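To keep things clear, I will list the structure first and then write my remarks on it.
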Ligand SMILES: *Cc1c(COP(=O)(O)O)cnc(C)c1O
């Protein structure tokens, strides 16, 4: 068996030790005679797994006690809609800063529920930048301000937390949570689908300042109510136990590797190597994002002649470098280099890119 270096944007590569542990525990979890995925979510075994996952995530990300943590279904996209139902009155203003594709989906999800306002957008610039916070048109009566911390498709990342005054800042951290230290207290709410940097698809994490849960929000079913989920310990209905368990193993792996400080170091190193290979290619490769806001997680790049794209994808795959095709909205290539991607994977990519350029340049 040989595992490739997998640059998929999500579902993304998982750490090999996590997959091996899951494999070893698959048939008989901790001697109980069944897989964890065959046990009741109400039993002591799974309740223990869930509690450990929350404690480990709190330690990993540095989540203060006055923040609740929820493990939910519906991915990041469902949370994009639920934030309006839970924290905005019907038709209340909500401010959105759009720096790429996922900011656009976020605003689309809340349109039925709030007066969704575009406070700023870099769309005219092809999302190669983030609008300067001094130009944002924020509303005093907004329920929240929403940003996308890292735009997974456009490869644009906030490098500082913007200051937005007294209105709580909500952020989609799906593709960059736990990639570096994060000051949770600057946010009212953070959400993330797990399949980029936290583990498997099928579960999303919501981190919310507890006092915000006192807001009335809008009429909604219990299953769409964050307060009910908190009261029910994220088990209002049968939770995705397998995904929750795998996410928990991934949190333990990240802590054992040295936590977010260590991943910040590795991610800075990996992204520097890759951008240097692109910028130093004499125009053979190019990344079009303003260097000040280039993503450390998702690196879109183009070949100088798109007629070479097919050969690049075929030869890279043959070299054990998987899933480098760019998103269809942008074309070209994209390398997603989340926490699970080792430095050696990026080194192999950079070496391949040099070799390919020498043969086709
Ligand atoms: C992948 C992604 C989403 C969508 O996640 P789903 O879990 O598929 O709903 C939303 N926002 C960002 C930033 C993403 O990277």
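A Cβ is built for glycine as well, from the same backbone N, Cα and C atoms used for every other residue.
Just so you know, TrEMBL annotations are computer predictions that nobody has curated.
According to TrEMBL:
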type: BINDING; residues: 42; note: L-glutamate binding site
type: BINDING; residues: 76, 77, 102, 152, 172, 195, 237, 238; note: pyridoxal 5'-phosphate binding site
type: DOMAIN; residues: 5-349; note: domain 'Aminotransferase class V'
type: MOD_RES; residues: 196; note: N6-(pyridoxal phosphate)lysine
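It is 237, among the binding-site residues 152, 195, 237, whose Cβ has the fewest other Cβ atoms within 10 Å in the structure shown.
With respect to ligand 1, the binding-site residues 42, 77, 102, 152, 172, 238 contribute 77, 102, 152, 172 as residues with a C-beta closer than 6 angstroms to one of its atoms, given in sequence order. All protein chains considered, the CB of residue 77 (pyridoxal 5'-phosphate binding site) has 17 other CB atoms within 10 Å. On a Cα basis, the residue listed as 'N6-(pyridoxal phosphate)lysine' lies 14 Å away from residue 102 (pyridoxal 5'-phosphate binding site). Look at residue 102 (pyridoxal 5'-phosphate binding site): DSSP puts it in a helix. Each residue contributes its Cα atom, and for residue 196 (N6-(pyridoxal phosphate)lysine) and residue 152 (pyridoxal 5'-phosphate binding site) those atoms are 9 Å apart. The Cβ of residue 172 (pyridoxal 5'-phosphate binding site) has 28 other Cβ atoms within 10 Å, all protein chains considered.
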